[in-house]
Amino acid sequence: MRKALCLTESLSAIAENSTTLLNLNRRLTGLTRSGENRNALKLFADVHRCTTLRPDQYSVSLAITTARHLRDTIFGGQVHCYAIRSGLLCHSHVSNTLLSLYERLGNLASLKKKFDEIDEPDVYSWTTLLSASFKLGDIEYAFEVFDKMPERDDVAIWNAMITGCKESGYHETSVELFREMHKLGVRHDKFGFATILSMCDYGSLDFGKQVHSLVIKAGFFIASSVVNALITMYFNCQVVVDACLVFEETDVAVRDQVTFNVVIDGLAGFKRDESLLVFRKMLEASLRPTDLTFVSVMGSCSCAAMGHQVHGLAIKTGYEKYTLVSNATMTMYSSFEDFGAAHKVFESLEEKDLVTWNTMISSYNQAKLGKSAMSVYKRMHIIGVKPDEFTFGSLLATSLDLDVLEMVQACIIKFGLSSKIEISNALISAYSKNGQIEKADLLFERSLRKNLISWNAIISGFYHNGFPFEGLERFSCLLESEVRILPDAYTLSTLLSICVSTSSLMLGSQTHAYVLRHGQFKETLIGNALINMYSQCGTIQNSLEVFNQMSEKDVVSWNSLISAYSRHGEGENAVNTYKTMQDEGKVIPDAATFSAVLSACSHAGLVEEGLEIFNSMVEFHGVIRNVDHFSCLVDLLGRAGHLDEAESLVKISEKTIGSRVDVWWALFSACAAHGDLKLGKMVAKLLMEKEKDDPSVYVQLSNIYAGAGMWKEAEETRRAINMIGAMKQRGCSWMRL
């Protein structure tokens, strides 16, 4: 738009061209629409002082609108006075614009007074008064006005009441008004339908479906805003199928950008891959994606290749520099563990907001790169970006050295965030992970507010730092605290881990009883912890009972039972459990599954079963073999006396995972068990090169020599331990006599 002419030029143009009021009003309209409200006010003021041209009702209405945009109380009052003096208040649009002005200024008293001065208020006057009353907090007055209205047959009046109640938090009243409106035969419009649908959530699905029927009956299924509201309603009610059905039934011509955005965002929120298919449909419909489209799509990308394509399209359409999209791009790459790409996006941004910095710190936290996260925070501090609780929460979640952790805590105090419960909890966890359980406990005790996360942090902190009884004591304090806080699945799983570390079957059984009493057995995490607890405490039958009683089983559930059988030497049961898992087909085995079942085969001597399972890993399940898998199979072959095959497998493992000490140790142990001197010497030489200061290699080799009757070599090997400076750890007993 052209810049407004200066005051002198405007007046001369008016004089030279015999400008009429129509031209003046056009000029005022142009300035107002282009956002040049100050220039519009200057033009009106100078025209008002000009004797050759007098503003009419339209000029005054435009001036009032301009004052409303600027929230200019003084000028608005002056125009109001001019309208009174010039007799222009009799025009409805002047009076209505004044009502809008006082609503914007928050002056309900002046608005009421002005409304009372209107002889015959129209629908706009009534709706402005009602909307202002709700907006400015006088809800009782709004209902008083509504009840006294002579006629209430206009849909705009009802929409104002329904919207006002909704925005004031009176959702039930909005629904009642909607129903009353329907009973009275007032025809709903698309605005009313969209408003009432936006209030439907999971608890009001039936009402939402009733409104859906009314929409179809009233013929508003062709209105984009109503269709969008319907789709949103079904997503809010967690009925994804119906949301998608509404989208599919909507005419292609009705679907707009918002429609696709609503569906994509809804599906992404439920982690549904169909969001990408809808995105493709949007592109095929020649609709340009918005920044919100890219944010939703990137949030649902689970494939790195697809993520790169979406990022490329964002660049092509010019959205890559939008902060919202850039932040989503960084988060997406972090989810793929492509932290280099996330860093590249971060560095390419000329403007970074707080969310951008927090996202980068969070990415480094996810990558366990504490120093890099701290480096980003220092840059942020240097340029003067003020951190928030999310910044420090991400920083504290990284692996920080103690001195850095203390520095971060000092910054938290400096920015006045230490009182926030999220920060307090993060500090407790950070100090616990750093082995500073006393500092963590001190922070916990000094915390004025404690929630369940606080208790979980200190209980697990004591457990992981080797103080299970102190953790148990804190759990007792949680149950006895004045503020009633019920333990969750994480709390109880930690408590069951404490039972394992203290070998307390009685406490574990009591915890199991607590779980049943409080109806928390449905939590898969607790079921898994119970299976592990019972097996570790020696009662595998109880582990099996818990497993069979679980309504939902994940891969950890199956792994826990397989490990339990392996721990108790019941290899055949472990293999049978693995086969049952395969037959059911509900859960896909992971790397831990194969580690557990191969270990069970090893201890039970099930060579054929172990080889069959090992060979199926990559081909049938796509699980990459790791050091645990090779170690277990080498141990299995070694225990069975197949040392040649075990040696061959070790060499194969070197090509796959490199030379790993654990795998060689499995072969070395087999050599010792079967007295294979030749192979044992070869493996011992290799291990001595890799672990020069480990005395156990020498001890094992000495035992092999002794088993072969080579006492001299055995003694020389023992003496070699002292020569290299290694020392065998002394045996001891933890039992007191």
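Using N, Cα and C of the backbone, Cβ positions are placed for all residues, glycine too.
Copied from Swiss-Prot, the annotated features are:
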REGION    663-737  region 'Type E motif'
REPEAT    20-55  repeat 'PPR 1'
REPEAT    56-90  repeat 'PPR 2'
REPEAT    122-152  repeat 'PPR 4'
REPEAT    189-222  repeat 'PPR 6'
REPEAT    290-321  repeat 'PPR 9'
REPEAT    322-352  repeat 'PPR 10'
REPEAT    353-387  repeat 'PPR 11'
REPEAT    420-454  repeat 'PPR 13'
REPEAT    455-485  repeat 'PPR 14'
REPEAT    488-522  repeat 'PPR 15'
REPEAT    523-553  repeat 'PPR 16'
REPEAT    590-620  repeat 'PPR 18'
Positions whose Cβ lies under 8 angstroms from the repeat 'PPR 16' (523-553), at least six residues beyond its ends:
489-490, 492-493, 496-497, 499-500, 503-505, 508, 511-512, 515, 560-561, 563-565, 567-568, 570, 586-587
Looking only at residues six or more beyond either end of the repeat 'PPR 2' (56-90), which have a C-beta under 8 A from one in the stretch?
21, 24-25, 28-29, 31-32, 37-38, 40-41, 44, 47-48, 97-98, 100-101, 104-105, 107, 117, 119
Are there residues at least six beyond either end of the repeat 'PPR 10' (322-352) with Cβ under 8 Å to its Cβ atoms? List them, or say none.
291-292, 294-295, 298-299, 301-302, 304, 307, 310-311, 314, 359-360, 362-364, 366-367, 369, 385
Can you tell me which parts of the same chain pack against the repeat 'PPR 13' (420-454), counting only residues 6+ beyond its ends and a CB-CB cutoff under 8 A?
389, 392-393, 396-397, 399-402, 405, 409, 412, 460-462, 464-465, 467, 481, 483, 485-488, 491
Over the span of the repeat 'PPR 16' (523-553), how high is the average pLDDT in this prediction?
94
Taking DSSP states H, G and I as helix and E and B as strand, how many residues of the repeat 'PPR 14' (455-485) are helix, strand and coil?
23 helix, 0 strand, 8 coil
